[in-house]
Every structure is written in C-alpha cells, then in structure tokens.
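Everything on this sheet refers to the single structure shown next.
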Amino acid sequence: MSRKILLLPGDGIGPEIVAEAVKVIEALKTRHGLDVETEEAPIGGAGYDAAGHPLPEATLAKAREADAVLLGAVGGPQYDKLPRELRPERGLLGIRKSMGLFANLRPALLYPELAEASTLKREVVEGLDIMIVRELTGGIYFGEPRGIREREDGQREGFNTLVYSESEIERIARVAFDTAMKRGKRLCSVDKANVLEVSELWREVVERVGLDYPEVELSHMYVDNAAMQLVRAPKQFDVMVTTNMFGDILSDAASMLTGSIGMLPSASLNADGQGMYEPIHGSAPDIAGRGVANPLATILSVSMLLRHSLGEAALADRVDAAVGQVLKQGLRTADLAAAGAPAVSTREMGDAVVAAL
Ligand code: NAD
Ligand code: IPM
Ligand code: MN
C-alpha cells in the first residue's frame with residue numbers, strides 16, 4: 001500500500017514553496033519509484049478562512065492518519081488582530097501539541113557553495129554542520145497559567161509560565177544523546193541555569209541521562225553565551241539541545257551561518273515515530289506572492305521526511321545531492337544572491353532541483 005503524505009501549505013509563501021516540494025515528490029514518484037500519495041489540507045490562516053479555525057478538526061484527523069506531514073508556513077498581518085486562540089500560529093502550536101511532536105531537529109548545514117552567501121567570513125562557517133535539538137511541546141510556549149490580567153493598582157500585567165517536568169527533559173535529552181551518537185558524539189546543552197530554577201533541573205536531568213551515554217562528551221552553556229559563540233566560532237558545536245523558546249531563537253540565528261533562513265529544514269517527531277516536516281522560517285509576508293522565496297528549506301524538509309518517516313535514505317541522499325548540484329551550477333534565489341547579482345525565481349529553483357534529481 002502506498003504511504004500518505006499530508007501537505008499543509010498554510011499562508012504567505014507557504015503555498016509557493018510547498019508547490020516546489022511537491023514537484024520534487026512527483027519526480028521521485030515517476031522517476032525513482034517512490035510510492036506515496038499526497039493530500040492537501042488547510043492550516044493557519046488558510047484553516048481559519050476555510051473552516052473558521054487555524055487547526056480544523058478534519059486537518060488534524062488527516063495528519064494523525066498520514067505517514068508524514070509536510071508543512072509550509074503559517075501567519076500573516078491580516079490575521080494578527082484575531083483573538084489569540086484563532087491566530088494562525090495557534091494552528092501550528094496545536095498540531096505540534098496534539099500529535100506530541102516534542103523533538104524538533106533543526107540541522108544547520110553549510111553547503112560549501114554558499115560560503116560566500118553567509119554574512120560571516122568564509123573561514124568561520126566553512127564546514128559547518130550543527131544539529132539543534134529543540135524541545136517543541138513544552139516550556140514557556142505551553143505553560144499554565146498564562147494570560148493578561150488586571151492588578152489591584154489598575155494596571156494590566158501579562159504573564160506566562162516556564163515549566164518543564166523531569167520526564168519532558170529526559171525524553172528530549174535522550175533524543176539529543178541518540179543524535180550525538182550518530183554524529184560527532186559531542187552534545188552542548190543550552191540553558192539559563194545561573195538564573196532559572198527550570199534550567200537547574202534541566203541541567204541535572206541532562207547530566208543524569210548522560211550517564212547512559214558515556215561516549216558522548218557533554219557540555220553546558222548559558223544561552224546568552226551560546227548566541228555569541230554561534231556567531232563567533234560556530235564550528236565548536238556538534239549537537240545542541242535546548243528548550244522550546246531558546247531553540248526557536250538560536251535556530252534562526254544559526255540559519256544565517258548557512259547563507260539564509262531559506263536553507264534550514266526541520267523534522268518534528270513524536271514518541272511513536274510520526275513526523276511533521278517544515279522549513280524553520282515563517283510565511284514571509286514581505287515577499288509573499290512575488291515568486292521570489294527560496295524553496296530549498298522546504299525541499300530539504302522533504303529529504304528529512306524521506307529519511308525519518310519513510311525509511312528512504314537513498315532518495316533523501318538524492319534530494320540533498322540535487323540541492324548541492326543546483327547551488328554548484330550557481331543558481332541563487334534573491335536571499336542567497338550577492339548584491340546586484342541575478343537571482344532565480346522560486347519556480348526556477350524548484351525546476352532546477354527536479355532536473356538535477
Ligand atoms: P519570517 O521567517 O516569515 O521572515 C523573516 C525574514 O526572512 C523576512 O524578511 C522574509 O522575507 C525572510 N524569509 C523567510 N523565509 C524565506 C525564504 N524561504 N526565502 C527568502 N526569504 C525568506 O519571520 P517573520 O517575518 O518574523 O514572521 C512572519 C509571519 O510568519 C508571522 O506571522 C509569524 O508568526 C509567522 N511564522 C511562522 C512560522 C512557521 O509557520 N513555522 C515560523 C516563523 C514565523
Ligand atoms: C517556528 C515558528 C513558530 C515557533 C511560531 C510561528 C509559533 O517561529 O516554527 O520556529 O515559535 O515555534
Ligand atoms: Mn521560529
């Protein structure tokens with residue numbers, strides 16, 4: 001029986017970049033024997049427009065049934081005035097939480113051809129290969145209580161709760177150590193243990209899990225220093241593990257080491273091995289509808305989907321190699337092109353990858 005991929009294009013540039021990823025999937029089907037079926041469903045603003053909710057029930061039901069989910073991006077200024085529970089971002093957070101996708105893998109890998117596209121010096125980024133393991137269903141994003149309330153003095157105050165249980169820390173730490181075992185066997189856990197009790201517990205649990213992985217060299221770093229080290233000397237890192245919000249911020253920063261945020265894919269996995277795949281960037285309202293967005297992060301997310309959810313490592317390698325080849329040919333979307341140099345469109349980039357497959 002052929003396997004099912006659910007496509008969730010979402011908003012802004014989401015549909016444009018997912019369309020290019022679909023071309024890649026179709027080419028793998030017709031030319032390389034990939035046996036999958038795709039179906040599409042609305043999420044985010046598109047979910048709100050179609051069904052009055054950023055995560056329509058039918059969309060979630062299809063996602064649960066699928067072998068893997070490929071998401072574009074959600075959000076846009078036209079939705080920012082909606083009540084918080086109806087905003088596009090809630091759809092994304094909702095599907096992550098409902099499916100238990102607690103482990104978010106965000107690889108920051110520099111394609112050698114893009115060393116000049118990075119805003120950092122070539123020698124700083126050349127050979128870069130970091131894996132950021134971000135906890136995705138806990139922490140301050142989901143902690144209760146949360147809200148905006150009126151105080152006795154008449155002022156309002158906003159509040160959120162940063163909370164992690166031992167079991168939440170332990171399972172993401174295990175994913176990080178397992179990941180490190182398959183790579184360079186170095187793990188850096190990023191926290192704020194000099195200030196936060198949550199981080200104190202985080203560090204303690206990570207240390208404890210580390211006893212099961214004597215071959216992995218474990219270190220700890222405060223998040224402010226980690227942000228600085230990422231731009232000072234990023235190649236010191238192999239695998240990094242951190243909380244939901246720190247991982248969100250550090251992965252955007254790490255993306256620029258690779259040339260553009262348009263290059264970073266991700267995999268979000270649950271305990272049953274189900275996965276959702278998406279670029280780490282957003283819906284880019286500033287460039288949406290112009291056909292200039294970089295589709296490579298989404299195409300590389302297809303590669304992660306093939307590897308982690310479908311067991312198709314050879315096809316994943318093929319996609320990664322095709323991306324390398326188009327970059328070697330000199331093709332650059334606007335985000336990667338040098339100032340004044342010609343750039344290709346979203347569609348031209350997708351077509352070139354398909355041709356190189
Ligand atoms: P963003 O990532 O959408 O854009 C930041 C900058 O990067 C913009 O200048 C944009 O043009 C550029 N960029 C992003 N992806 C690109 C690509 N593929 N090719 C070329 N350039 C690209 O972040 P933002 O502007 O802070 O957020 C915009 C909206 O997206 C918000 O509604 C936000 O909530 C949402 N968002 C969604 C996701 C997601 O769906 N996973 C992630 C981040 C932000
Ligand atoms: C991401 C995004 C999301 C996050 C938002 C849109 C909810 O920034 O996937 O990185 O913060 O997780
Ligand atoms: Mn983000």
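Positions of Cβ are set from backbone N, Cα and C atoms, glycine also.
Sequence annotations record features per position, and here TrEMBL assigns domain 'Isopropylmalate dehydrogenase-like' to 4-353. Residues annotated as NAD(+) binding site in TrEMBL: 76-89, 282-294. Taken from TrEMBL, the feature substrate binding site applies to ARG96, ARG106, ARG134, ASP224. The site 'Important for catalysis' annotation in TrEMBL covers TYR141, LYS192. Residues annotated as Mg(2+) binding site in TrEMBL: ASP224, ASP248, ASP252.
Considering other CB atoms within 10 Å as the measure, the emptiest surroundings among the recorded positions ARG84, ARG96, ARG106, ARG134, LYS192 are those of ARG84. Within the set of recorded positions ASP80, ARG106, TYR141, no residue has a CB atom less than 6 Å from any atom of ligand 1. Taking the Cα of ALA284 (NAD(+) binding site) as the reference point, the closest of the recorded positions ARG134, LYS192, ASP224 is ARG134. Close to ligand 3, meaning a Cβ under 6 Å from one of its atoms, are these of the recorded positions GLY76, LYS192, ASP248, ALA288, VAL292: ASP248.
Here the domain 'Isopropylmalate dehydrogenase-like' (4-353) returns a mean pLDDT of 97 for the predicted model. Here the Cα atom of LYS192 (site 'Important for catalysis') is found 8 Å from that of ASP224 (substrate binding site). Taken in sequence order, the binding-site residues PRO88, ARG134, ASP248 that lie near ligand 2, meaning a CB under 6 Å from one of its atoms, are ASP248. Put simply, of the recorded positions ARG106, ARG134, TYR141, ASP224, the one whose Cα is nearest the Cα of GLY76 (NAD(+) binding site) is TYR141.
With respect to their backbone Cα atoms, VAL292 (NAD(+) binding site) and ARG106 (substrate binding site) stand 23 Å from each other.
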